[in-house]
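Peer 1: Per TrEMBL, the feature transmembrane segment maps to 69-88, 100-119, 139-160, 172-192, 212-236, 248-270, 290-311.
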Amino acid sequence: SIPSHPCPSHPQSPSVLESRNSLLDLMELMGNFSSYDDEDDSNETSLDYDAAPCHNQYCSFFQLVAPPFLAVTSAMAVLGTAALLLALAKRPQWPQSRALVSQLAMGTGLFAVVLPAVALGIGQGWRLGTALCRLMHLLWYWSLFAQGLLVASGSFGRFWRRWDARSRRLAVAVWALALLLATPAALTSGTAAVPEPSCLRRSVDIVSPVNLLHLGLCLCLFLLLPVAVPAAALAVPRWRPRWAPDLAAGWVFLALWVPHGAALATELLLHSRLLPQTCGTFQHFDYALGLSEALGVLHCWLGPAAVLLAARLC
């Protein structure tokens, strides 16, 4: 799987929470907290556990549901992206922001390509080594940051009305910057051998500089950008998108990832002990974070579908 801490094969004590690097991280498609028990209380812990053992069943649920969900999502994303690219090829006059829509399709296609490896890793255990684990995370976040930058550039100007020298230079800059922003995700990822091979999103502590940098970039992408885009459109009328497919592609991406941004902020609050750390808190947060990331993953086929639908309606 791709959690920051692999699912254990036996219950652990609540004190394990103190020794883990963090709760969940961005790359956990539906994250996991291990099962916890109070059979070993040799270490001090600030968590508020009652006398009854604290069991979290999320690992088994995640490993059962995630692979088929990701496989189906990847297949639908490939079909949707192919349909969008085919429509662009068969209708040269459509759309007005052809360069922007084409690159958004490339971003969703890149994201969809990673999903089968993620599903296989969750279902069979990761046996491809650290290098490929880091490459997978790099491609995942390269796609997300590229789409975010494309949405921002398409919302704050008319850079993509023509595919000229200026737009080509902007495209190179966008994809290069997105790759740079995705680098911390690769640097913080790694593999673990116990209890089974796992590709971990975070192999460093949550308060390490590189992880805090990555978390800050993700919060900018998933929380700050969705606020900045409508605020700028309201403040500067000439920045408002004038073509429905542009608007559809951007808002589908932003809307689907906002809940995950809020979940990441909650994770940081939990780690900082600004929220109560109880069994119930962790168990409910597991499912909330997993659902939010699953919702974000859907953008890779809902985005192309929204563009096609908006273009047809227009």
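Start at 1 and count along the chain as shown; that gives each residue its number.
Keep in mind that glycine also has a Cβ here, set from the backbone N, Cα and C atoms.
Those TrEMBL annotations? Automatic predictions, nothing curated.
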Peer 1: Which listed stretch (69-88, 100-119, 172-192, 212-236) has the most C-beta pairs under 8 A with the transmembrane segment (139-160)?
Peer 2: 100-119
Peer 1: In the same chain, which residue numbers or ranges, 6 or more beyond the ends of the transmembrane segment (69-88), come under 8 angstroms Cβ to Cβ?
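Peer 2: Result: 29, 94-95, 98, 101-102, 105, 108-109, 111-113, 115-116, 118-119, 122, 294, 297-298, 300-301, 303-305, 307-308, 311.
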